[in-house]
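Feature annotations, reproduced from TrEMBL:
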{"type": "COMPBIAS", "residues": "63-86", "note": "compositional bias 'Basic and acidic residues'"}
{"type": "DISULFID", "residues": "CYS36-CYS43", "note": "disulfide bond"}
{"type": "DISULFID", "residues": "CYS116-CYS123", "note": "disulfide bond"}
{"type": "DOMAIN", "residues": "1-67", "note": "domain 'Thyroglobulin type-1'"}
{"type": "DOMAIN", "residues": "77-147", "note": "domain 'Thyroglobulin type-1'"}
{"type": "REGION", "residues": "54-95", "note": "region 'Disordered'"}
{"type": "REGION", "residues": "133-157", "note": "region 'Disordered'"}
Amino acid sequence: EQLRDSVQTTSPDGFPLYGAFVPQCEEDGQYTPLQCHGSTGHCWCVDSNGEERRGTRTAAGETPRDCSKPDQPERPKTHCEQHRDSVQTTSPEGYPIIGVFVPQCDANGEYTSQQCHGSTGQCWCVDSRGEERAGTRTPPGAAHRDCDRPGETAVLV
């Protein structure tokens, strides 16, 4: 609670600073086992001291871990996960840089067949290595291609 309260009152008017992580606590003052950063969408499990449990961090949009389960051995990160993580932590504070392309990975850590750039609105199909397939890029607002069926006409998303 002391850490949470110190973070929550760091601005002159008593409100949390934008982008600041505010730890979540149980009614008895203990850390909530699942912590999520409201600005980045990352979630992770913590121990009773509030320390992050290794291998439990999930990226924005991923299903958070069940913190009641014991730690599982961490599998090595895939190329897609390494790529995604490298661009999401490029600022000195560890926040994504606005406008940078962040690849989308599936539940197994592989590139999803269609990638979309959140800032430009363009989408394209990729191969298993994340390389763009020629002739598949669509402009903002256009119907997206069905990347799982090469040669198929565009589909609305």
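Numbers here mean position along the shown chain, with the first residue as 1.
Each Cβ is built from the backbone N, Cα and C atoms, and glycine gets one as well.
The disulfide-bonded residues examined here are CYS36, CYS43, CYS116, CYS123; by Cβ neighbour count within 10 Å, the least packed of them is CYS36.
Cα separation, CYS123 (disulfide bond) to CYS43 (disulfide bond), rounded: 27 Å.
Residue counts for the compositional bias 'Basic and acidic residues' (63-86) under DSSP (helix as H, G, I; strand as E, B; rest coil) come to 8 helix, 0 strand, 16 coil.
The CA atom of CYS43 (disulfide bond) is located 23 Å away from the CA atom of CYS116 (disulfide bond). Rounded to a whole number, the C-alpha distance linking CYS36 (disulfide bond) with CYS116 (disulfide bond) is 25 angstrom.
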